[in-house]
């Protein structure tokens, strides 16, 4: 699922990506495609 507010952390370390996804109600991040954060 694309989570727009997390796009800005795509260049940061994985734990920060997971933290952003969790803050939006997801379990963690799966990947960043072209600057778009994908959470699951």
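From the backbone N, Cα and C atoms, a Cβ is placed for every residue, glycine too.
According to Swiss-Prot:
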| type | residues | note |
| --- | --- | --- |
| DISULFID | 6-20 | disulfide bond |
| DISULFID | 10-32 | disulfide bond |
| DISULFID | 21-39 | disulfide bond |
- Query: Among the disulfide-bonded residues listed here, 10, 21, 32, which has the most company in the form of other Cβ atoms within 10 Å of its Cβ?
  - Reply: 21
- Item | When distances run from the Cα of residue 21 (disulfide bond) to each of the disulfide-bonded residues 6, 10, 32, the nearest one | 6
- Distant-in-sequence Cβ neighbours of residue 6 (disulfide bond), under 8 Å, six or more positions away: 17, 20, 21, 24, 29, 37, 39
- Around the Cβ of residue 20 (disulfide bond), how many other Cβ atoms lie within 10 Å? Please give the count over every shown protein chain. 22
- residue 39 (disulfide bond), number of other Cβ atoms within 10 Å: 21
- According to DSSP, which kind of secondary structure is residue 6 (disulfide bond) found in, if we only use helix, strand and coil? helix
- Task: In three-state terms from DSSP, label residue 39 (disulfide bond) for me.
- Result: strand
